[in-house]
Amino acid sequence: MIENWPKKPEGSQWTDDQWKAVVANGRDILVAAAAGSGKTAVLVERIIKKIINEENPVDVDRLLVVTFTNAAAQEMKNRIGEALEKVLIDEPGSQHVRKQLSLLNKASISTIHSFCLQVIRGYYYMLDVDPRFRIANQTENELLKEEVLDDILEEEYGIEDNTIFFELVDRYTSDRSDDDLQRMILALHTESRAHPNPEKWLDKLVEAYDVEGKTIEDLVYASYLLEDVKFQLETAEQHIRKATELAMLPDGPAPRVETLQADVALLGTLSSAARESWTSVYEAMQNVSWQTLKRIKKSDYNEDVVKQVDSLRNKAKDEVKKLQEELFSRKPESFLRDFQDMHPVLEKLVQLVKVFTERFQAMKRDKGMVDFTDLEHFCLQILSEQSENGEMNPSAVAFQYRNKFTEVLVDEYQDTNFVQESIIKFVTKDSESEGNLFMVGDVKQSIYRFRLAEPGLFLGKYKRFTQEGLGGGMKIDLAKNFRSRHEVLAGTNFIFKQIMGEEVGEIDYDADAELKLGATYPEGEDVAAELLCIQQTEEEVIDGEEGAEVEKAQLEARLMAQRIKAMVDSGYEVYDRKTDSMRPVQYRDFVILLRSMPWAPQIMEELKLQGIPVYADLATGYFEATEVNIMMNVFRVIDNPMQDIPLAAVLRSPIVGLNDEDLATLRAHGKKGSFYEVMSSFLKGAPLEEEQELHEKLEWFYNLLQGWREFARQQSLSDLIWKVYGETGYYDFVGGLPAGKQRQANLRVLYDRARQYEATSFRGLFRFLRFIERILERGDDMGTARALGEQEDVVRIMTIHKSKGLEFPVVFVAGLGRRFNTQDLMKRFLLHKDFGFGSQFIDPRKRIKYTTLSQLAIKRKMKMELIAEEMRVLYVALTRAKEKLILIGTVKDANKEMEKWLDAREHSEWLLPDHIRAGASCYLDWIAPSLYRHRDSEMLLELGQGSIPDEIYGYDTNWKVEVVDGNTLLAPEPVQEEKQELLEALREKKAVPLQSERKEEVYDRLMWKYGYEDATSYRAKQSVTEIKRNYQSEEGSDNAFIKKLRTPIKTRPRFMEKKGLTYAERGTAVHAVMQHVDLKKPITVEVLQEQIAGMVNKELLTFEQAEEIAIEKVISFFDSDLGKRVLAAKSVEREVPFTMMLAAEEAYQDWQGKSEETILVQGVIDCMIEEEDGITLIDFKTDTIEGKFPGGFEQAKPILEDRYKVQLSLYAKALEKSLQHPVKEKCLYFFDGNHVVNIEE
């Protein structure tokens, strides 16, 4: 209970709210953790505190920790493990902590799907499922769905007198295909599976259309739409009231005030009717009559004010007219007839969905596979049982889990869906006031609605729970942000206090939701947040919508390139926490965030032109890559050589090497028939002399093709790909092209994709090609293989979704003028979790169709949910910045947009009016109106404070707001004055004078000689191993260098190499084991086997490497005198990296350069131990000794000493430089024979 919570220790770094989240218990707890508030650290600390609690310690395997991703789960385990190891240092004798470390790998810290899998594996016998099931591939799943659905529809078409089915087909299919019907069935199936009881949800959907005996007031759609009617009437009234204020100005059209007041009265009557019933509004709408505006002499009044008054009145009339046309042009009973007419058709549709679900589940069961939704529903099936009234109650298994788990902790709770919520509910206590559920998340960062995440679950508890936890659950707000500067936080708060509210946005951005400063930064220059609004040029706007989009991307890319280059070149400084100091910004400090990636290729191209290194993980382009395209055509030809286009592509490719003339020659031998038939015929005849080379190329390819076709019928697809790569030499060929490594990586991915395909229930080349086509149809192009590390010094481009959880010193958020994606609202049918199904009413006999009440309601609901989701996406984007936030958007007509945005200045409340926020079509429609109410926009607007309250106008935030002329970004670089004369002479094709001021400069540059030419023959950076080799006579000779040059640079992929580990790979594996041996545990076979298995799980070793480890040799080392010294040492450091400067003449025996030259030397010391009398350096060796030297180790010892003397001397020199302490002993340990060699100077 509350009074038993531990007090926060003195000097603790935890805030009061963080500490409360760490120690609070005794009820369900919801932690609303704002961006950068340290929620993961809090979660880990809470777990640790529970594990090491002195009075009531909890075993780690009695906690269920649910994370959003596998990576998050692994990070959580690692953090807990590190924290426990720190505890163990203070309490080395604690058996409880040691036990927790051993339990950690088996602990239930995982994604919800992994937990579901664990439950299913344990209780599979309660389900009709093969215990050896596998997880289905997404594309395989899609192909199976198609197969099942085709069979069902085929059966339905074959049934006589299937009247309702054919009615359904007539309404929802075109003359060409029934694709729309198939999409409806699949969409309803998918949506239903997002609910704990799919059949119940489908039945409710049908029940909603059974309106027998009901009035329109009984329909949920009408109730919801009435709220929207009130909203739109309120908007219209605000327009009229604003017009009235303007008309009453000294130079306003005062005679029109009387008419405007009558308008307000009319709108008031309509609003009153909307508060009563649908029928009341319908009747009131039939009597709407607007008075005619009084005529005035316009010259007597301010013309602009008159125009504004007229414009506002017209906007109000348009709002009412829209309502009349959409909702109240038909009698209420006609809407009811629509539902009644559609009811049997919808009933048939739902029946088909149920049949499909049943058949699809059966097919997956037969193939021994499940998908991710199956995992959730199977788990729920095990954990629940249905009562007589259809309610789901916890099963006996659920009670077992309730007894097992002391607490259930859920990370990223805002992204939970209904099914997952039910699973969690069944393994936790029933009562919130005495519950054991701990939830962490930030509903403002819930951006996965498209994955069926339900932020309403979080919001419901946040509203229901109290900060004291009295009578129910407790909520805790973590609002302090430890990531960002004040300027970023204040700028974000200023925008969201104005745009995010409960009616529009689903969340109140109140004092509890505001971001509060928790990080400390040194004073910085130019840290103000920025809004840069680019005005497109007239030429760009005229270019059409698609052309304008291209230009927008180019304009924004150029502006960002200029800013990045300027910041890097000027030495703009950012704070480095590791060194606790400011440092010059690097390219890796920048990120460009986009809502989606279509602009990314253009932005990358523009940045590259400016010499800026850039990377974007594009999910497209893989199948467009030339090498992949050619190989896919090869496989198409193997499958069916009668396809002319793929065959011609292969013949024209480097594999065969024909040119256009060769193809024309081949076609001339047979104008009819396929290319393959012509080629076969050509090869049967005797070629002309000039066709001999063509004949040889085609014969070579034809013979290979026949072999591949035969091979494809008998062997696996992956083996076929291997064979094609090898026999054509194409893999090696692309390796020699520009970006060869990338191209080879793409071909390896194709091989891997084939192996993945073969792990599915499908087989054969034809199905594989269909498999790939299905991927492309879905728009799931994979993106080219990754050939860049995370730590590369590049500017990154990513989606806002990908950036969630990350942070960057400088953030550009671009594309803010792009319209929101509302395509889902335009579909022929709409689905919603609460409102079910909505589509147009279609009468195929009368050939009419019109909007239905359900469609209007769902569309409106989805629009408001989309607006709320986009607000949360913007919040995520703005909170990624640590030090500098730059917002960029492009508009067609800045003056016109500014006029619209300036409406916001007339409002005195913090939260902008609903109609402004709900009417936004892009992010700029929220950002600009907000900033136009701040003093920092005055340099742009020059309008003064006006009626804006001081607390808004003078809010403590710094912004730079600027409109950028697109012409300045597209203008070419200005030509230097001194070059102008030469350029003009060249344009006019005149002779350029031979004598020039630049003649000597040009001559000097052409004849310039590098002052350190001797040094160019040597590397500026060497590893210790390379220096050692230079000192060995054979390695240092010219012949050895030539041998190295002859070694192939491009390596073959793993699957094309000989099996087995190389000596180097074996050595690497042994060194890895020696690095990770736990010196605190007894060195036994069992302990080492467990450790090696753990290294395999953590991907520190491969299975093959693990099998090669000779455990007895590792034990032999620790049994030796040297090994015992390691175990007894004061301190032991392993795998110690170092870098030092070394005189070049020490590294190179044949150095010819200047004596003062130095090079950079890098190396890694295997082991160093500190004993009472000094430091000993140990280097482990896996050289083969036994059987290689006839005289045994005595013969080998001087050779080995000579081989490794330089290496260990350099290691010792590096240690002595860094530690300022002499190395007393340098030892080589050889595992082969358990030999120790001491290296003397």
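Residue numbers in this text run from 1 along the chain shown.
Backbone N, Cα and C define each Cβ position, glycine as well.
What Swiss-Prot annotates here:
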BINDING   A33, A34, A35, G36, S37, G38, K39, T40  ATP binding site
DOMAIN    12-485  domain 'UvrD-like helicase ATP-binding'
DOMAIN    505-805  domain 'UvrD-like helicase C-terminal'
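Regional average pLDDT for the domain 'UvrD-like helicase C-terminal' (505-805) in the model is 86. Within 8 Å of the Cβ centroid of the ATP site, not counting the listed residues A33, A34, A35, G36, S37, G38, K39, T40, the chain contributes V42, D442, L478, N481, F482. The candidate set comprises the binding-site residues S37, T40. Of these, S37 has the most other Cβ atoms within 10 Å. Sequence-distant neighbours of A33 (ATP binding site) (same chain, 6+ apart, CB under 8 A from its CB) are K39, V42, V440, G441, D442, L478. Its own atom aside, the Cβ of G36 (ATP binding site) has 22 Cβ atoms within 10 angstroms in the protein chains shown.
Look at T40 (ATP binding site): DSSP puts it in a helix. Here the Cβ of G38 (ATP binding site) has 22 other Cβ atoms within 10 Å, regardless of which shown protein chain they belong to. A34 (ATP binding site) carries neither a helix nor a strand DSSP state and counts as coil. Cβ environment of A34 (ATP binding site): D442, K444, D477, L478, A479, K480, N481, A513, L515 lie under 8 Å away, each six or more residues apart in the same chain. Cβ neighbour count for K39 (ATP binding site): 21 (other Cβ atoms within 10 Å of its Cβ, all protein chains included).
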